[in-house]
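Notes for the one structure printed next.
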Amino acid sequence: MLLAHGVGGRQDLPIPFSAVLIGAALALLVSFVALGALWKEPRLGGDSPGARSLPAAVQTAMSAPAWRWVWRIAGLVAAAYFCIGLIFGPDQADNPTAGAFYVLFWVGLVPLSLLFGPVWRRLNPLRTLHLLACRGLGRDPELGLRPLPPGVGYWPACAGLFAFVWLELVAPERATLPVIGAWLAAYAVLTLAGAVVFGSRWFDHGDPFEVYSGLVGRLAPAARRGDGVVAWRNSLDGMAGLRPAPGQTTLVVVLLGSTMYDSLSNAPVWVRFVQESAVPAPVTGTAGLVIVIALVLAAYRTATALAGRWGAARPGTTAGEIAHSIVPIAVGYIVAHYYTLFLLEGQRTIALLSDPLDTGADWLGTAGWTIQALGTTPAGVATLQVTVIVIGHVLGTVLAHDRALALFPRRTAVLGQIPLLVLMVVYTVVGLLLLFAA
Amino acid sequence: MVIAPARLRPLLAVLPLGAALLMATSACGGSDAAAPAQSAASVTTEAAAPVSTEPAAPAAAESAPAAPGESAAAAPADPAVKEITVTIAGKKVTPPPDRIEVTKGQTVRITVTSDTADEAHLHGYDKEAELQPGTPASIEFVADQTGLFEMETHGSGLQLFQLVVR
């Protein structure tokens with residue numbers, strides 16, 4: 001992402017072509033190993049009751065009511081601090097708002113969720129405001145004016161996520177305060193209105209950031225089990241616990257497709273096309289974003305339909321059942337794509353956050369920070385990028401394999417997996433090629 | 001945490017192997033990438049060498065501005081300087097936006113001529129040039145930071161090129 005307002009000025013070097021070839025070869029190798037040598041019975045998605053629970057002190061702390069309020073208040077304080085720069089700060093490159101929103105919050109949500117689970121559910125200031133308002137009025141926050149229809153699923157979050165990636169990647173003047181402010185105002189009004197109508201369950205289905213954090217957070221190494229105990233777990237079990245729901249497939253595809261568009265839009269060939277066409281750039285950008293997401297979706301639908309037919313699964317189930325396996329692929333690509341942006345631009349944003357009004361103040365004591373390289377050498381970054389993409393592919397392949405064993409009868413299980421593996425190799429190789437070319 | 005099932009181990013064994021391979025080749029990739037840049041630099045040195053001795057040189061130098069399509073013409077005075085020349089006319093960028101590679105530590109001189117008043121900005125390095133209609137404006141700096149950096153105009157929002165510093 002490059003936000004023509006001073007955010008994300010430096011971008012990564014394209015990865016060497018040799019790295020693309022090695023990554024692609026590894027992806028193929030992994031897929032063949034998966035096809036022939038992995039387990040023969042589905043084993044992921046359980047609660048893993050034998051897993052070690054976290055120490056008793058941690059359990060006690062996490063079960064205390066104060067624990068929840070600590071994070072709710074932290075979320076409110078951070079949001080209020082963010083609003084100082086957004087509402088009262090000058091609209092110039094030294095304002096931390098764009099960096100805080102796009103880099104610290106949006107990109108930072110991925111590592112936070114990977115480590116600690118669905119963190120935004122705990123921090124979400126809108127959820128807390130809704131809760132406080134309900135407490136004040138003596139109402140149950142879970143109850144809205146009417147129940148959330150089950151068919152709604154994740155479609156609202158899907159629309160919200162698309163609105164966000166459009167803002168991040170296409171919207172004109174997207175790093176300026178009026179644009180960020182208007183988007184956030186619309187988001188806050190719609191989300192709170194949804195919560196008033198449908199109760200706090202709306203946040204689980206309609207808040208794109210909660211849903212995003214929840215998806216990524218399924219890969220976290222610890223989680224609260226069904227019996228309330230916080231225990232370590234296999235990340236794959238967490239991811240496999242994602243059950244199909246309306247809109248979920250599209251949600252996952254928007255996540256992967258938008259990141260791919262981010263890379264593509266940086267390629268010189270795309271820049272030339274946009275600048276030399278008579279159509280205004282935001283229109284071309286919107287069309288490009290929609291087309292890339294549509295292509296990723298079409299590839300997904302085709303592969304899962306073929307897999308369902310060849311594997312003799314119950315018709316119409318494969319696409320939803322396999323959606324969880326795309327999450328690690330998307331996360332791998334997101335980490336590869338935004339890793340240095342987060343490290344370098346994150347430092348700059350924290351320095352700027354110390355003086356949100358640009359008055360020469362140093363509220364956080366970080367104003368004097370100079371950006372440290374933190375080991376981001378070109379060769380190291382390229383290695384990390386290919387490594388996380390291949391890891392994403394491995395995890396996706398394992399998840400798809402495990403689910404295929406549950407979906408397909410044994411005699412057709414291998415055949416049914418072939419389209420899924422081809423799809424993942426395609427996603428992985430396209431991701432690598434985008435890191436090479438764009 | 002559940003330890004990886006035995007069946008998963010061959011898969012996991014592939015990873016460190018791949019990482020090691022990558023380490024090795026991305027290091028090679030780095031030197032591969034550097035090699036053409038160095039040879040390109042030596043070519044420009046050779047091309048520039050006759051300039052100081054042969055009287056025909058001024059003609060060659062004069063022909064450079066006549067061909068704005070040339071994005072990289074070695075300066076006769078200092079062949080180590082990477083010259084980048086861009087012209088903007090009617091919202092059209094010549095040469096069209098592309099990647100321009102330089103080696104880390106090289107001096108870069110960017111000259112932009114626009115038909116409208118504007119401001120040109122090199123992201124990351126945060127170098128700016130005020131553009132007056134028809135008057136070339138220059139930025140000169142040492143490319144001391146690796147990465148990919150976009151050169152843009154602020155008023156018209158055009159990307160001029162991407163500077164790749166390896």
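Glycine is treated like the rest: Cβ placed from N, Cα and C.
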Checklist outcome for this item: Which range is transmembrane segment per TrEMBL? Of A:247-268, A:379-400, it is A:379-400
Checklist entry - Taking A:20-39, A:69-88, A:100-120, A:279-300 as candidates, which has the most Cβ pairs under 8 Å with the transmembrane segment (A:412-437)? => result A:20-39
Checklist outcome for this item: Per the Cβ filter (under 8 Å) with a sequence gap of at least 6 from its ends, the transmembrane segment (A:279-300) is approached by 162, 165-166, 169-172, 249-250, 253-254, 256-258, 260-261, 264-265, 270, 273, 319, 326, 423, 426-427
Next on the checklist: Using a Cβ cut-off under 8 Å, which residues of the same chain at least 6 positions beyond either end of the transmembrane segment (A:321-339) come close to it?
Outcome noted: 1, 107, 110-111, 114, 215-216, 218-219, 239-240, 242, 244, 248-249, 252-253, 255-256, 259-260, 262-263, 300, 304, 307, 313, 381, 384-386, 388-393, 395-397, 399-400, 403-404, 407, 420, 424, 427-428, 431, 435
Next on the checklist: How about long-range neighbours of the transmembrane segment (A:69-88): same chain, 6 or more residues beyond its ends, C-beta under 8 Å?
Outcome noted: 95-97, 100-101, 105, 119, 122-125, 127-129, 131, 177, 180-181, 184, 353, 356-357
